[in-house]
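A.B. asks: Dumping the structure here so I can ask a few things about it.
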């Protein structure tokens, strides 16, 4: 299907348009009032009750000593403050239930305490790894992994586990006033996934924080969301049934709904703090006892979503960092998909296809092969890998960062697709659209190619097949689900809260290039600096693709250098065979009298000044960690010298489209496009 060109530069109303947004209505959810008391009244009454209860439990009425952390002592020295007692039991630990039911091979648990705590615990209350291993063995479970989410190492020696052949993974998370950060979540999900995949016989994972509810529940729910394709509500219910009462901090529950762009149902109510925890939260003076395992050091404030007026830029870092082992595995998948051989630099080189600059020689390729054209957006290049557990943006440095987005598979019937894409690899560019009326900015990912669909490489198929599959298998199912959700009475997923919007980039017949240059590009809501010519029958060629051509306006032809300053010497470097190569006799001019040393060690994009015969600084390339290859530089310089103007290009194309090869295929493609438009209107 060939899409007719719409000269209105505003994107077509595909999956990301505002036509659905008017149906979104998020109601504020208020807990029903059960008493006429005010919040202050309730807090006062509960504090008095705690005082009375604690006095009953401590008949001698001696003052309770609250330990201070060493860090606090160092900042505020005082002779009256005692050093932190490392054998002090975590508040509420004694009466907290030891562990919950199994959840897909994971056992939520409070922290087992080592021998250093033995004298502080009555025999019937002890819960060390000796008891853990025995209790789980009685239940027919063998532990193979312990994931420790506490923020300290004082609770038990890891050697207790190593003796039993149990692997221990430490993911340090603050327990007070903050949810685990996104990197910690990604690490947890990866560790669990790898353990489940690699085990030869059934073994179990013990997951613990201090009490085994909030941090433990938060992490397990993230895993369920990504591995089992549950909704947040289902995952919260699953955990709360296995480890009553579940997560009891409302901030954690709200953070889960926010992270996964889901609307929190009115029926979801955060359970009250358990009695065993509530009785330990305040001392006799009604003051808060330092929480959990933070060694007395307060955690950071919970992050809140505040609307800001910060302007978006192409240099913004998108997504969340992932574990290095996971990144290595994903890099390997990309290399295998693109059928690349691992060289001396391993899997570290970005494998995406790169166009070459148009010159008088390769211009003849347009006569020899059948080409389509599209605009060259001045955005940021990203590949995207979609998996069941998340989407990953892949930058020019071949680094992966996770973004939370939905990509359902195409349904085999008329309903919604039940599965999501798993190892589908895309290529595209991120642009920032500025709406002309409101000046509002919107980030948009323009996808122009697909290299794998659900683990199957399709790079050897012709481009026109891959481009059509992209629309049918990726874009249309997403549009269909989005439309269905927002037409429903209770839209549970908020596509509008995703970090950016998505659409397929359009390609057009060469006969439309004049309109592209004269009308379409001028009306775009983002920057464009030229044209891309794509071979319609070409396979996907990784790295430099000699048949993929780019034409840029002469003043925008550019090279990416590594700039370095050594004393009074300013140097421009390229890469050749993985090593720096100095470009002798070249200099760069920085505008507005900027100090060149500020750019030393950075990758800078420069254009050529024909009058001064020197390079002009354009911008820092934060998305790249290496300069252009020397071979790329030579091709750009050839293009600059050939100086194919807009008029030259249009004159050449006007002759090309009259060639029999083009005339026949343009006629056939135009007819197919008309039939497709009629079928779509039906």
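Every residue, even glycine, has its Cβ placed from backbone N, Cα and C.
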A.B. asks: Of the candidates 381, 569, 577, 641, which does TrEMBL annotate as part of the GTP site that also includes 396, 427, 428, 429, 550, 551, 552, 619, 620, 621, 622, 623, 624?
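C.D. replies: Of the residues offered, the record points to 381.
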A.B. asks: Among 253-283, 284-314, 315-345, 346-376, find the range that TrEMBL records as region 'Disordered'.
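C.D. replies: In TrEMBL, the region 'Disordered' feature sits at 284-314.
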A.B. asks: Rounded to the nearest angstrom, how far is the Cα of residue 209 (active site, phosphocysteine intermediate) from the Cα of residue 381 (GTP binding site)?
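C.D. replies: Roughly 40 Å, rounded to the nearest whole number.
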A.B. asks: Measuring Cα to Cα, tell me the gap between residue 429 (GTP binding site) and residue 376 (active site, N6-GMP-lysine intermediate) in whole angstrom.
C.D. replies: 10
A.B. asks: Would you mind reading off the Cα separation of residue 623 (GTP binding site) from residue 376 (active site, N6-GMP-lysine intermediate), to the nearest angstrom?
C.D. replies: 17
A.B. asks: Take the C-alpha atoms of residue 209 (active site, phosphocysteine intermediate) and residue 427 (GTP binding site) and report the distance between them in angstrom, rounded.
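C.D. replies: Residue 427 (GTP binding site) has its Cα 40 Å from the Cα of residue 209 (active site, phosphocysteine intermediate).
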A.B. asks: Let's check the environment of residue 381 (GTP binding site): how many other CB atoms sit within 10 Å of its CB?
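C.D. replies: Cβ-Cβ neighbours of residue 381 (GTP binding site) within 10 Å number 17.
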A.B. asks: Given the binding-site residues 427, 551, 619, which lie close to residue 376 (active site, N6-GMP-lysine intermediate), meaning Cα to Cα within 10 A?
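C.D. replies: Passing the 10 Å Cα cut: 551.
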A.B. asks: Sorted by position, what residues of the same chain at least six away from residue 427 (GTP binding site) have a C-beta under 8 A from it?
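C.D. replies: 352, 353, 383, 384, 447, 448, 449, 450, 451, 540 - these are the non-local Cβ neighbours of residue 427 (GTP binding site), listed in sequence order.
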